[in-house]
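Only one structure is covered here, and it is reproduced in the block below.
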Amino acid sequence: MKKKIKEVIVVEGKDDISAVKNAVDAEVFQVNGHAVRKNKSIEILKLAYENKGLIILTDPDYAGEEIRKYLCKHFPNAKNAYISRVSGTKDGDIGVENASPEDIITALEKARFSLDNSVNIFNLDLMMDYNLIGKDNSADLRSLLGAELGIGYSNGKQFMAKLNRYGISLEEFKKAYEKINMK
């Protein structure tokens with residue numbers, strides 16, 4: 001029996017809908033990629049946002065991140081779910097549609113709200129202390145840690161911003177960091 005998700009899951013395309021519905025029992029809404037800026041998706045999503053809540057699940061690429069930013073401007077209290085680049089890539093194609101049902105379920109379980117708090121725990125010094133910036137393997141570490149925390153991959157500065165924006169505690173960060181270093 002598939003896990004039931006109460007929020008509406010927002011994806012980019014029709015193949016993403018199929019992949020998500022294969023993984024969970026949920027209402028899924030397609031924004032048609034960058035066409036979200038031109039069509040009536042925002043108006044339609046407002047009702048779902050107010051009544052059920054939204055989970056934004058876009059592709060783990062630049063275009064997906066741009067679409068996520070656009071949606072988050074309109075729906076600041078939506079949850080964000082991330083598929084890793086590794087689990088979202090098949091034969092050179094990157095997208096939610098390539099992720100396994102298990103990876104989609106994991107991403108949805110790790111979905112996070114963006115917090116509007118003024119306390120930033122993570123700074124450049126901490127990022128350097130944990131080799132998340134400035135080292136040859138920093139990008140790989142951020143990719144693994146982003147997948148473990150459910151916040152996706154980003155460059156160093158954006159990764160630090162996500163850690164703060166999603167309210168990740170230092171304890172949660174350290175546990176995830178230890179876990180990826182045991183693999």
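Cβ coordinates come from backbone N, Cα and C, glycine included.
Given the structure is predicted, the values throughout are model-derived calculations rather than measurements.
According to Swiss-Prot, the protein carries these features:
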DOMAIN    6-90  domain 'Toprim'
BINDING   E12, D59  Mg(2+) 1 binding site
BINDING   D59, D61  Mg(2+) 2 binding site
Look at each of the binding-site residues, E12, D59, D61, and point out the one with the fewest other Cβ atoms around it within 10 Å. D61
Students should find that the Cα atoms of D61 (Mg(2+) 2 binding site) and E12 (Mg(2+) 1 binding site) sit apart, in Å rounded to an integer, by 12
Secondary structure composition of the domain 'Toprim' (6-90) [DSSP: H/G/I, E/B, coil]: 39 helix, 16 strand, 30 coil
Looking at the domain 'Toprim' (6-90) alone, can you tell me the average pLDDT? 94
